[in-house]
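*Asks:* Following this message is one structure expressed as structure tokens.
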């Protein structure tokens, strides 16, 4: 058997023989040794994939990070605020290495406009995250917002955008009014007309869910829901924790996915199964009502009855639309309103301004009409609340489908982008006194303000993202916030019940959450003198 020396060494290479009978290449090694060798190569390859960072050639500044984990542990419990502070050193756009993924972080309105608007056709897709896409959603649909760009995603977004545009949302106003008044009724009863403090979470969560249910399924949960409300609220919150880009180190260090006791994957799989169970139940019950001719007009019901829509959308795509509708309200509207009622309780001067506007329009204190947003101060309050308590501190991540150049830095296709909407919403150049609650900023129609808007992409707030993958539910969410604020300030004087923190930065329950919400607190809602309570007392 011939042997050859390794170049530059005195060692001999293993014998290389081709076995013509078996067709196997054998390095003078036994079969068991070969198995071990192959396994070692596989593990080494996997390890290298886990520990080597993404494309370090991107010519952008940023923190260096640590071996294997990158900057994971440096980011702390509030990634958005870490990025905002880091931008002071590295600039509005910088890169950060998290595990084996290199992320480009965008921290200012100007930079966001350039990347997400001017390069919008490239930054149109979503990156894949193992725990959410590969485990939790393994046997079910992705939401529209978490789907990579494709013809299927395009069709789903088109269907959702049509169902959630301004005219469509206007047609949902009877539903929004009904659910907002129902929330007022529950607050009135549970708080014993202001004698008892209430924790506001469930009122706005139920309002959000019932609005979504009526709009999407044509039904609402009553007093008895067999635990459906609690199950959906809990599971959607758990799913959101998995969906967050901050959720799991195994999304950035693949080797961790193979640890024998993988609690993250086990929990994610269970949330996925629980979610699939109630989503299937909602769909099948609607399908039954449609077949029996007992359905109410709704988004999914209309799809099921429309032959052309059924041809364009598969069951999985319809499931994706339904899932997006159910989860979106809890993620956005509910958490925004929870913070807002807590803020109003501590700021009676803001309540007085809203109530003065109501009195100017309705001197007899009759029930306000909310079909048009003519209460301009309260309308501005809704926008300001979504800006200052920005629930999505880091928007759903993007990935570019083609190379993008920013300030001479070429960012290759497939790179992950984070839009730091928290930093954008408290940007001092766009928003004067950014940490103050000033609804008046959205009432300024001056030419100078319009110039600032145009320079920064014409986006009023970054609460719903920006560019071609901006949340299509923005009109519905803002209309819900506006309507609820009108009725809350019409019916109640709101006051704190005990001391609590309501600062938008420090009051959050979990700064790493996908959709942040305030730490628990109580408020008292006392009926205002002279206001007719019959619209809520009569609600059954």
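Cβ atoms are placed via backbone N, Cα and C, with glycine included.
Fair warning: this is a prediction, and the values are worked out from it, not measured in the lab.
These came from Swiss-Prot, pasted as-is:
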CARBOHYD  2  N-linked glycosylation site
TRANSMEM  26-46  transmembrane segment
CARBOHYD  100  N-linked glycosylation site
CARBOHYD  210  N-linked glycosylation site
CARBOHYD  400  N-linked glycosylation site
BINDING   471  heme binding site
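Give me the local environment of each listed feature.
*Replies:* Under the DSSP three-state reduction, residue 100 (N-linked glycosylation site) is assigned to coil, being neither helix nor strand. Within 10 Å of the C-beta of residue 100 (N-linked glycosylation site) there are 19 other C-beta atoms, taking all protein chains into account.
For the recorded site, residue 210 (N-linked glycosylation site), the DSSP three-state label reads helix. When other Cβ atoms within 10 Å of the Cβ of residue 210 (N-linked glycosylation site) are tallied across all protein chains shown, the result is 22.
Listed in sequence order, the residues of the same chain lying 6 or more apart from residue 400 (N-linked glycosylation site) and placing their CB within less than 8 Å of its CB are 119, 122, 123, 125, 411, 412, 413, 414, 415, 417.
Secondary structure from DSSP puts residue 471 (heme binding site) in coil. Listed in sequence order, 145, 328, 332, 464, 465, 477 are the same-chain residues six or more apart from residue 471 (heme binding site) with CB atoms under 8 A from its CB.
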*Asks:* In whole Å, note down how far the CA of residue 210 (N-linked glycosylation site) lies from the CA of residue 100 (N-linked glycosylation site).
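*Replies:* Answer for this pair: 41 Å between alpha carbons.
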